[in-house]
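Novice: What follows is a single structure, and I will ask about it in a moment.
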Amino acid sequence: MRGVSAWALASAVCALAGVGVAGYLTVAHYDDAALVCGLGDCHTVQSSRYAEIAGVPIAVLGLGMYLALLGLGAARWRRPTWAGTLTALAFALALAGALYAAFLTYVEVAVIDAICQWCVASALLTVGVLAAEGIGVARTTLAVPTDG
């Protein structure tokens, strides 16, 4: 069995937790009674016009992103020769997700005036994946070969 680097494991753990959060938010989008929010005002955020793009819940997009990140991680493990490319793709996807999460967090604070703890958790998990994949990019794509 091939070893898994700490950064790849951290990325996978964050993405797997993200699947849980985004999956929960997807269910809650269709069944508001399922939404439990101890802090903030998740219901206001989930029912805002920013909760969907063209009728597709943001949570579904997040779920797709996290599943794609897990798929890229699995492919990287199965095909080590593609590690540099797959890591760069995962980093790019996580960067796009983190930038969009930052925008949505701004919208929560400045426009909707309500915070969804689950949305914040998802944003933090995306940043966790981004940080881990950033380390991966530095280690796989930017690595200088040795003459040895």
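Positions of Cβ are set from backbone N, Cα and C atoms, glycine also.
Note that TrEMBL annotation is computational and uncurated.
Features from TrEMBL:
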- 4-137: domain 'Vitamin K epoxide reductase' (DOMAIN)
- 53-75: transmembrane segment (TRANSMEM)
- 82-103: transmembrane segment (TRANSMEM)
- 109-132: transmembrane segment (TRANSMEM)
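Show me how these features fit into the structure around them.
Specialist: When averaged over the domain 'Vitamin K epoxide reductase' (4-137), pLDDT in the model lands at 95.
Counting only same-chain residues 6+ beyond the ends of the transmembrane segment (53-75), those with a CB under 8 A from a CB of the stretch are 8, 11-12, 15-16, 18-19, 21-23, 25-26, 28-30, 82, 86-87, 89-90, 93-94, 97, 104, 122, 125-126, 129.
Within its own chain, the transmembrane segment (82-103) has Cβ neighbours under 8 Å at 11, 62, 65, 68-69, 72-73, 75-76, 119, 122-123, 126-127, 129-130, 133-134, 136-137, 140-141, counting only residues six or more beyond its boundaries.
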Novice: In the same chain, who gets a Cβ under 8 Å from the transmembrane segment (109-132) while lying at least 6 residues past its ends?
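Specialist: Result: 7-8, 10-11, 14-15, 17-18, 21-22, 24-25, 28, 37-42, 44-46, 48, 50, 62, 65-66, 69, 90-91, 94-95, 97-98, 101-102.
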Novice: According to DSSP, how is the domain 'Vitamin K epoxide reductase' (4-137) divided among helix, strand and coil residues?
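Specialist: Grouping H, G, I as helix and E, B as strand yields 111 helix, 6 strand, 17 coil.
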